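Taken from TrEMBL, the feature domain 'Peptidase M50' covers 141-481. Taken from TrEMBL, the feature transmembrane segment covers 50-77, 98-122, 142-162, 171-191, 211-233, 429-454, 474-498.
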Amino acid sequence: VLQSSSSLKASYEDWLLTYGLSVSPFHMRWQTSLFNRQFYSWGRWKPRFLYLWFSIGMVFGIVAMFGSVILLGKTLMQTLTQMLTEAPKAQNDRMLQVVVSVLSLELFISVPLSFLLCFVLLSCPHQQVPGVNLPVSQLTYFFSAILISGVIHEVGHGVAAIREQVRFNGFGIFIFIVYPGAFVDLFTTHLQLISPVQQLRIFCAGVWHNFVLGVASFMVLFLLPAILFPFYYTGVGALVTEVAEDSPANGPRGLFVGDLVTNLQDCPVYSVEDWNSCLGDISKKSQIGYCVSAATLQQLSFPARVYRRLDGTVECCSNNSLTDICFSYSNNLDSHLYACLPARKVIEASKVCRTNMDCQKDFVPSFCVTPSLENQTRLIRVKHPPHIDMLYVGHPMHLQYTVSLSSFVPRQNFLSNDLPVVIETFCKYLISLSGALAVINAVPCFALDGQWILNSFLEATLSSLIVEKQNRELVGFLILLAGSALLAANVALGLWMVTAR
C-alpha cells in the first residue's frame, strides 16, 4: 500500500510538472513557455519606439516612487487628523483614503514571492470598498480587473526585459486563496549584469503599463457615448435596468425595467448622474410643496385627528391609508394648518412651490401645501412617460440604492440595456485597480516593485557620491524600512477606519 501511494504521488507530481502546475495550501500557479515566442516578438518590435516607450516609463516610475511616498504621507496625516477630531468629517467630503486589502502579489523575478495589492480610492457618497462592502453581483468585475491589471503589469516587465536582452523563461498566472494574479520568469543572472538604467526600465515597466491601462480605461469611459452612438443614444433620461424586489419603487404604480425617468420633482433627469444629483439635492433640502387652490383644498380635505409623532412632526391621516398624506399649509391667520388629502389628486397638474407667494396666479386664492412627513422622509414625484407618475414616500437613498439605471437608451429593441452598464462598470474597476496597483507598487517598500526601482535608482545616481556599495545598500535599506513602515501604518489605519464605520 505504501509503495502504491508513493507511486501515485510521484505520478501526480510528474503530471503537475509536465503541465507547469504548482499546488500548495491557499496557492496554485501555472507557468508555461507557450507565450515565449509572442513575448520575444513584442520585445523586438520597433526597438527605437520601445526604447522611448520604456524610457518614458522609467521616468514615470521614478516620479511615481517619490509621489507615492508623498501621497501615503498625506493620507496618513488626514486619517490621523480624522481619528483625533471629536466630530469626524462627513462621508461626502472628498478626502483621500487608502483602503488596503491584503491579496496575493508576486514579483516578476525568477524567485516567486508573495506580494501585496492595495486600493487607493477617493471617498465619495456611494463608494464600494472591495472586500468590505463589495456587492456580490460585481465580484466578476473585481476579479477580472485584478487579473487583467496583473497580466498587463507583468507583460510590461517581460517585454522590457527582452528589449534589454534579458532572457525570458516563461509566463504564468496564479490564484492565492481567491485572488488571481500573473508573473513572468526572468533569468536573474542576466538581470543583475545589465546597467542600473536598464534595470530601471524593466522594474518601472509594470507600474508604467498599469498607468497606461488606467488612462486607456478612462478614455474609453469618457468616450463611451461617442463609441456607442450608432447603437445607443444619451441625454434623454435615465433608463431603468433593474428594480430590486424589496425596492419601494417595485409595484404596479412603480418603475419597471425599460422605463425612462425624465424628472424627479422639478429636477430634470438626462442621465444617471442627474438622477444621483437630484436625489442628493432632494435629501438635503426641505420637502417641496404643491400649489392647491382654496376651493380644491376645501373639497378634497376631510376631518381627521391630528397628533404629533415622536420626532415632532405632525400626522393627520390614518396609518392604514395607502392613498392619503397629511399636508401642512398656512394662511394669513394661522401658520400651522393640516389637511389629510389624496396625494395623487393634489400633486398631479399642480405647480411646485416653497411658499404661498409662489402660488398666487389669476387672483385665485391658493396655498402651498407641503407633505408633513417624518424627518428624512420625502414625497418624490418620479416622471417616466408615457406611464403615470410614480409617487414615492421614503428616504431618497433607498430609492437610489434599489433602482439601477443607465444613461444609454438602445436605438433598437434587440440591443441589450445592460451592455453599456457592463462596459462602464468594468472600466471603472480597471481605472481603480490598475491605477492603485501602479501607485502602490511604486512605493519603496520591501517585496514591491518600489524596492527594485529604489535600489537601481540609487545605483544609477549615488555610485559616484557613495563609493562603497555596502553604504549605498545601507541607505537603500533605511529608505525601504521607512517606506514599509509608512505603508504598514496606512494599511492598519485604513482597515481600522473601514471596520470602525
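Cβ from N, Cα, C; glycine included.
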Note: vs the transmembrane segment (171-191), the recorded stretch with the largest number of Cβ pairs under 8 Å from 50-77, 142-162, 474-498 is 142-162
Averaging the pLDDT values of the domain 'Peptidase M50' (141-481) gives 91
Mind checking which residues of the chain, 6+ beyond the ends of the transmembrane segment (50-77), have their Cβ under 8 Å from one of its Cβ atoms?
-> 43, 96-98, 120, 156, 159-160, 163, 197, 200-205, 207-209, 211, 438-440, 442-444, 449-450, 453-454, 457, 483, 486-487, 489-490, 493
